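Single-structure report; data block below.
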Amino acid sequence: MALPAVLLLRHSGKTLTLTSSWSCSRRATLSSASCSCRQRKQAPAPPPRSPKKVPFRVLVHGKTLEDPYHWMSNTDDPNLLDHLHRENSYAEAFMADALPLQSALASEMKRRIPAAVSTPPERWGPWMYYQYIPEGKEYPVLCRKLENESSGWPAAFRRCGLARPEREEILLDWNELAEKYGYVHVGTCRVSPDHNYLAFVSLAWARDATSLFYTLSDENQRPYRVLCRRLGCGPSNDLPVLTESDPSFCVDITSTKDGKFITVNSNSRTSSEVYVINSANPMEGIQRICKRTSGVQYFVEHHTGLFYILTNSPMPDSKWSGDGYYLVRCQVEDIESTKWLNIILPDDDTSIRDMDIFNGHLVLSLNKRGFPLLCSLNLPMQSDLKYQVYIADLKPWYFPQPSSSCSVIPGSNHDFLNSEYRVVLSSPVMPDVIVDYDMSRHTYSVVQQEEVNCVSTGQFCIQSLELHENKIHEGYNKKECIMNSESQIWKDLSRIYCLQREEVISHDGVKVPLTIVYSRESWQQYKSPGLLVGYGAYGEDLDKGWCSDRLSLLDRGWVVAFADVRGGGGGNSSWHRSGSGLNKHNSILDFVSCGNYLVSEGYVQSDQLGAIAWSAGCVVVGAAMNMYPQLFRSAILKGWSLGRCKVGG
């Protein structure tokens, strides 16, 4: 999509985060892939001559490797630029007869994009914050309006979807920044506790809104230092707070949800260390709460004198033999002694992925046998809580979700006093839907669902994309959900497109989740082309959310499949470890097994399977292509590099 149909506001302490996934490049990607199975009418252009080879040896992990293309690491080398120009010219000539198809694809993808893009308002204190993209502009505008000046406005906004209030305050217009600097990537924006100031970069406000903590980056763009500035004072008076000397660690700053503490976090990919600052008296200094330990991570929140810490720290004296994260509570005055009052453990077949905290509720993000879930626990918890308890012992309320939901992304949820929790639900067959869950009443309401426009181009008459109501996922009390829900109008395209979840046996007997999507009308068994998507790195989940561009493939008979290989997100952290470092071969062979499954089961024609990956996922797809060239017809690798030492996270 050229523009996101829903701009998500994701929670990170007290952070307004704009997720603006500009992905115009996908158009060329999909259109190029769509041409791979066509009949070529003319002889292909001659390929460019091979680049020069310069002898170069390097010692890696005790082995000497030959790298005759090492000279390409010098991007200023004129020979490199010349080679790239020749490659681009060859690609343009090779794809020349596909230009009409590329144009048609770009046109229909653009026509699916709604004319206006806007977020529904979200309460934070006395204000309602929202964003929209002005017509003809590329970037969004952040706005707000006092709620008491607009009685009934939120409901009216929801009904009409894209209408905005007449009296609004524009806080930040990214388009103005883009006009001034030529390009803009703001990242996160943070509003001061008194709602009088807006700042953007990595920072946190003290409670009195007069002290601002921020980070500095080194020459490698690594945030390594934290400083404090008093409003009205110049940079020369900034006070140093913390300096991280380890180049493998980066620092970031946020605030606890109640605003009472500022947390300074020093993180690597696998370890973290957390410090806290009293937000009411920031000049008292910084205090370490979680000491750095290899392979151990901490995430800290605060509620009524207790720190809530999500961690994977080993528990040698515990009866629990599980793997992954659990939740602990400790008194603020006991942070140095690490005296934990309670340990909250995940239930069987469940892992804890994240947490969020409100005045009356604790929200846990869970994964149960590969499926994302959310639940809320009432706060404060009873004082006679046992030392170790399981989530089920605390009578959680599980948020009802559609049966087709694959992606569950929290909204910004800034307001600590709010009892509603905003979530964006999505799947390959369900356009993004924004849902508010009332944790006090155990009800939910659909706020907004992404609009899908019908298109019809050339010989491909795309059928009307009529949305159909989606059922509630198995495992919930459906009668209670129907009785207590304010609305149940989340809809999907499951009558047009089939969404299946299979388990593929990998080389060592491990079952790998594979999500398969295809058109019920256009797909042909053993005859359809296919695209296999992979990532498998850093313990991160593979994105299986909605993308309207994907319809251009599905409507032409393509199969799109998502392989949740080891190394990525899974039931617990062992799924990541078993596909990283020296175990990276498991990620690669998982991906190959999923490709073989698509062919052997007739989902994809044997010589029409392609692959695509982004960033670190390119290691998996690149290696799979080299090891099994007969399996994959083509590959799209959208990454910076595939160096000799790159083994994935």
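Heads up, residue numbers simply count up from 1 along the chain you see.
Cβ coordinates come from backbone N, Cα and C, glycine included.
As recorded in TrEMBL:
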{"type": "DOMAIN", "residues": "55-200", "note": "domain 'Peptidase S9A N-terminal'"}
{"type": "DOMAIN", "residues": "202-449", "note": "domain 'Peptidase S9A N-terminal'"}
{"type": "DOMAIN", "residues": "550-636", "note": "domain 'Peptidase S9 prolyl oligopeptidase catalytic'"}
{"type": "REGION", "residues": "35-54", "note": "region 'Disordered'"}
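Within the model, the domain 'Peptidase S9 prolyl oligopeptidase catalytic' (550-636) shows a mean pLDDT value of 94, rounded to a whole number.
Using DSSP to sort the residues of the domain 'Peptidase S9A N-terminal' (55-200) gives these counts of helix, strand and coil: 57 helix, 38 strand, 51 coil. The DSSP breakdown of the domain 'Peptidase S9 prolyl oligopeptidase catalytic' (550-636) into helical (H, G, I), extended (E, B) and coil residues amounts to 41 helix, 14 strand, 32 coil.
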